[in-house]
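J.: Got these off Swiss-Prot a minute ago, pasting:
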BINDING   Cys64, Cys65, Cys129, Cys160  [4Fe-4S] cluster binding site
Amino acid sequence: MVIKSVGIESDKNSDTNERLINYNIEKPQVTQNVSNQLILTTLNDLYNWARLSSLWPLLYGTSCCFIEFACLLGSRFDFDRFGLVPRCSPRQADLIITAGTVTMKMAPSLVRLYEQMPEPKYVIAMGACTITGGMFSTDSYSTVRGVDKLIPVDVYLPGCPPKPEAIIDAVIKLRKKVAQENLVERGKLAQTHRYHSIKHELTLSSPVYTGKYLNSSARQTPPRSLSEATGVPVNLIFEMTKKNAIK
C-alpha cells in the first residue's frame with residue numbers, strides 16, 4: 001500500500017511552475033561566471049579613470065627641488081607606472097609641477113605657460129620656496145612669496161627639498177581628486193580669476209637691521225630682579241652698560 005501526500009505534490013508543482021516563470025528563455029539566469037566578466041560604471045567615471053591614468057606633466061624647475069624630481073625618471077622609482085609622460089610643450093600637458101623659487105621676472109612666463117595648457121589642468125607646488133617663498137620670503141624684492149599668487153594650486157608638497165616618495169604621494173592625491181570630479185559640475189566649479197593681475201606695489205620702509213643692538217627701552221634698563229639679586233643699584237648697572245656700549 002502506497003500513501004502519497006497530495007499537499008507535497010502540489011507544492012512541488014508550484015515550485016516547478018515558478019522556476020519556469022523566472023528562468024525562461026527571455027530572462028536568462030545570471031551565473032557567477034557571467035557576473036565576474038561584467039563591469040558596471042558610468043561615463044563620468046570612465047572619463048576620469050582615463051585622465052588620471054595618463055597625466056602628462058610639464059616640468060617647471062627653477063631651483064634645487066627639481067633635482068629630486070629628476071630622481072623619479074630612473075628605474076628605482078619609475079614614475080611611468082602612473083602614466084606620467086613629461087612633455088616639453090604646455091599645449092600637450094595637463095599638469096604643471098613648479099619646483100623651485102619663482103622670481104618676479106619668471107612670474108609672467110609661468111602664467112603664460114599655464115594659460116597655454118588645455119582644460120582641465122592641474123598644478124602641484126613642490127618645495128617650500130614655491131609654496132611660501134622659503135628662505136627668500138623675507139627681505140627679498142625679487143621673489144614671489146607663493147606661486148598661488150599667480151596660478152591656482154591643487155596639491156601643496158612641502159619640503160626643502162621633498163623626497164621622491166613625497167612626490168609620488170602628491171601625484172596619488174591628485175589622482176584621487178581627478179577621480180572624484182563630475183562632468184556636470186565642472187563648469188560651475190571653474191575659477192573665474194585664475195591668477196592675480198594686480199602688480200606688486202613695493203613701498204620703501206625704514207630698514208629693520210640698523211646694526212645697533214639693545215635699542216629697546218627694556219634692553220637698556222636692567223630689571224629690578226637683577227639689582228636685588230646682585231645687590232647693585234639699578235642706576236649703577238645702567239651706567240655700567242652705557243659705558244660698555246660706548247667702548
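Cβ coordinates come from backbone N, Cα and C, glycine included.
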J.: Find, for the listed binding-site residues Cys64, Cys129, Cys160, the residue with the lowest Cβ contact count at a 10 Å cut-off, counting only other Cβ atoms.
T.: Cys160
J.: In which DSSP state, out of helix, strand and coil, do we find Cys129 ([4Fe-4S] cluster binding site)?
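T.: Looking at the DSSP assignment, Cys129 ([4Fe-4S] cluster binding site) belongs to a helix.
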J.: Using all protein chains in view, find how many other C-beta atoms are within 10 Å of the C-beta of Cys65 ([4Fe-4S] cluster binding site).
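T.: Cβ-Cβ neighbours of Cys65 ([4Fe-4S] cluster binding site) within 10 Å number 25.
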J.: Centre the Cβ atoms of Cys64, Cys65, Cys129, Cys160, go out 8 Å, and tell me which other residues of that chain have a Cβ in range of the [4Fe-4S] cluster site.
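T.: Once Cys64, Cys65, Cys129, Cys160 are set aside, the remaining close residues are Ser63, Ala99, Gly100, Thr101, Gly127, Ala128, Thr130, Gly134, Gly159, Pro161.
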